[in-house]
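S.K.: Here TrEMBL flags B:103-295 as domain 'ABC transmembrane type-1'. Summarising the annotation, TrEMBL assigns transmembrane segment to B:46-65, B:107-131, B:138-161, B:167-185, B:224-246, B:274-298.
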Amino acid sequence: MAYFLRRFVFFLGTLWAAVTLNFLIPRLQPGDPAEAIVSRLAGQSESVDPAQVQAIRVMLGTPDGNLFDQYVQYLGAVLHGDFGISYTYFPYSVTHMIGQALPWTVILVGVTQIISFVVGTLLGTWAAYRRNSRVDSVITLGSTFLGTLPFFWLALLLVYVFAITLHWFPERGGYGGGSSPGWSWLFISDAFQHSVLPAVALLITGPIGWIIGMRNNMVQSLGEDHTRLAVARGLPRRRIALTYGARIAILPNVTGFAIALGGILGGTVLVETVFNYPGMGRLLLESVSSRDYPLMQAIFLFTTIGVLVANFLADLLYGFLDPRVRKVESA
Amino acid sequence: MSTPAPAVPAPGTDTEGVQAAATAVARTTRLPGWFVILWRNRKCRIGLLMLAAFVLLAVFAPLLAPYDPHEDAFPTSLGPTGSHWLGTTAQGEDVLSQLVVGARTSMLVGLAAGVLSTLIGLVIGLTAGFVGGWVDEVLSFLINLGLVVPALPLMVTLAAYAPVRGIWLIIVVISVTGWAYGARIKRSQVITLRTRDYVTAARFAGDGTARIIAREIVPNMTSLIVLGFMGAALAAIGGEAGLAFLGLGDPLTVSWGAMLNQASLGGAMLTGQWAWLIAPGLALSLLITSFTLINFGIDALSNPHLRED
């Protein structure tokens with residue numbers, strides 16, 4: 001039980017740190033952050049809307065209180081899920097805007113990452129099973145080579161070839177002008193067509209980490225004593241590979257999955273920008289270029305919390321899968 | 001006496017054999033031993049040659065570029081021609097000149113942010129691993145936090161608040177978001193090193209903590225530090241390209257990421273300027289490939305089984 005308690009305390013700690021980091025980032029600049037933001041907005045356009053100033057105040061707390069009062073006020077607002085009003089999408093609240101964008105990213109990232117994990121783990125297992133053969137070198141060298149391609153560039157090339165030149169898929173957006181979001185067949189098929197290219201862009205490089213990780217772990221676990229014993233007992237090769245090699249090798253990939261999520265979300269920002277896909281990444285970039293600071297801060301916080309929750313769940317799962325972890329931590 | 005927490009040794013970090021092997025090789029040649037081992041590995045040799053070509057390109061960029069990369073007096077959106085091998089941009093700048101000068105940005109960012117985040121990771125990893133106790137608890141928490149916070153959104157948020165986005169600001173932003181992975185690996189290496197006999201011997205001989213770290217610990221982590229630097233430099237080059245592609249880089253600096261941003265916004269796809277679209281991405285992936293190839297050699301440096309004689 002000590003293992004799970006420890007992971008829970010760590011989760012709460014990182015959650016608090018992420019919320020505090022989000023509070024501190026706008027205050028890294030010299031002077032009153034609200035004033036600095038207002039004056040920068042004034043420099044951008046002729047007049048500053050009072051609603052904008054109000055939105056900034058809501059995000060940053062009252063400037064007359066000391067830092068601690070501001071912090072307490074901010075924590076209260078975060079606990080109530082109150083992130084203020086987005087001033088580019090006035091009168092919608094920040095929470096509403098995030099609610100609109102979140103499903104797009106969750107579905108795109110969720111589906112592509114599960115496929116990547118399964119495909120990567122299978123290919124890695126195959127490479128390790130046939131290690132030092134031609135299959136192994138094709139898989140490892142191929143994925144090393146693909147891994148060197150910057151994938152926002154791959155995404156651009158996909159748009160160029162399959163959307164603009166061949167017209168196989170729509171070029172940008174999450175759904176066409178003819179349909180509106182809802183549970184209609186028209187919308188779902190339309191959204192699917194729009195998501196094919198972004199998904200392919202994420203799937204080309206997605207499995208690479210799992211392939212290399214799985215192969216290396218499994219080559220190692222196949223060299224361990226218990227595997228040698230299984231060989232000596234004359235068990236079939238395939239059974240040794242799957243129940244003695246792969247079963248142990250897959251464990252580090254489970255936690256790796258959660259840690260990689262942060263990087264994957266970064267990549268999603270790039271891919272969503274290339275395809276103008278209506279998810280969190282594009283919303284983040286839009287909020288940056290329109291200087292919608294409340295929206296930007298909230299997206300950063302949501303993304304970080306998402307990764308933290310995923311890590312916590314992976315830690316819990318790891319504890320169930322690998323009894324050694326529980327023993328070491330409680331000893 | 002309490003036993004130290006079991007640390008997971010990083011893969012391929014048998015650093016002790018390196019020096020013995022390196023001195024053995026160096027006896028027969030005048031070159032440094034580590035270089036000979038790297039050079040003997042065929043993949044690594046190709047990687048080193050590629051990297052050398054990029055370094056030369058970056059150093060002599062002003063001489064090699066046919067035009068000033070900011071010169072925009074040429075006809076706009078040209079395809080490849082005799083006087084503009086890779087065509088011109090939508091603003092009428094020469095694409096080849098931008099490509100050549102862009103190598104400087106990637107090299108500078110890779111080197112500076114690589115060094116900076118390696119230093120941050122080294123200081124935090126060394127302190128956490130060597131001092132132990134509550135200092136380790138606090139620093140390990142920081143490292144784990146740094147590992148899970150999504151780097152690109154954090155970089156975007158930090159860059160959004162900066163009043164002026166110079167190239168050095170980008171370098172600092174990349175370094176403060178990218179040190180954690182190296183710190184974690186160095187910490188676990190230090191934990192396995194600090195209980196070795198020669199460290200105990202040095203302590204009984206009266207050496208101070210600083211001296212033990214500088215003379216006994218760090219020299220045994222050389223290949224790990226070099227590997228960490230390569231990884232950090234690679235991540236920094238990718239990070240700069242990503243930020244610049246999003247339009248959040250230094251607006252005055254020519255870089256490959258910024259070129260791709262302009263190619264995408266400037267309608268390179270609609271005008272069919274494939275050279276403008278392909279060249280910067282290809283340059284980036286060749287640079288990344290050279291790092292990957294060199295890493296094969298560094299792995300061989302720390303794992304004698306992988307050496308090619």
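Note that Cβ sites are derived from N, Cα and C of the backbone, with glycine treated the same way.
All annotation found in TrEMBL is predicted automatically rather than curated by experts.
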S.K.: Give the nonlocal contacts of the transmembrane segment (B:46-65) in its own chain as ranges (CB under 8 Å, at least six residues past its ends).
M.R.: 38-39, 94, 96-97, 100-101, 103-104, 106-108, 286-287, 289-297
S.K.: For the transmembrane segment (B:167-185), which partner among B:107-131, B:138-161, B:224-246, B:274-298 gives the most CB pairs under 8 Å?
M.R.: B:107-131
S.K.: Do the transmembrane segment (B:107-131) and the transmembrane segment (B:224-246) share at least 3 Cβ pairs closer than 8 Å, excluding pairs fewer than 6 residues apart in sequence?
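M.R.: Yes, the stretches contact each other.
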S.K.: With Cβ-Cβ distances below 8 Å as the criterion, list the same-chain residues six or more beyond the ends of the transmembrane segment (B:138-161) that contact it, or say none.
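M.R.: For the transmembrane segment (B:138-161), the list is 124-125, 127-128, 169-170, 173-174, 176-181, 183-184, 187, 239, 242-243, 246, 248.
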S.K.: Same-chain Cβ contacts of the transmembrane segment (B:224-246) under 8 Å, 6 or more residues past its ends?
M.R.: 10, 13, 15, 105-106, 109-115, 117-118, 121-122, 151-152, 155-156, 159, 170-171, 173-175, 177-179, 181-182, 185-186, 189, 218, 255-258, 260-261, 264, 284, 287-288, 291, 294-295, 298-299, 302
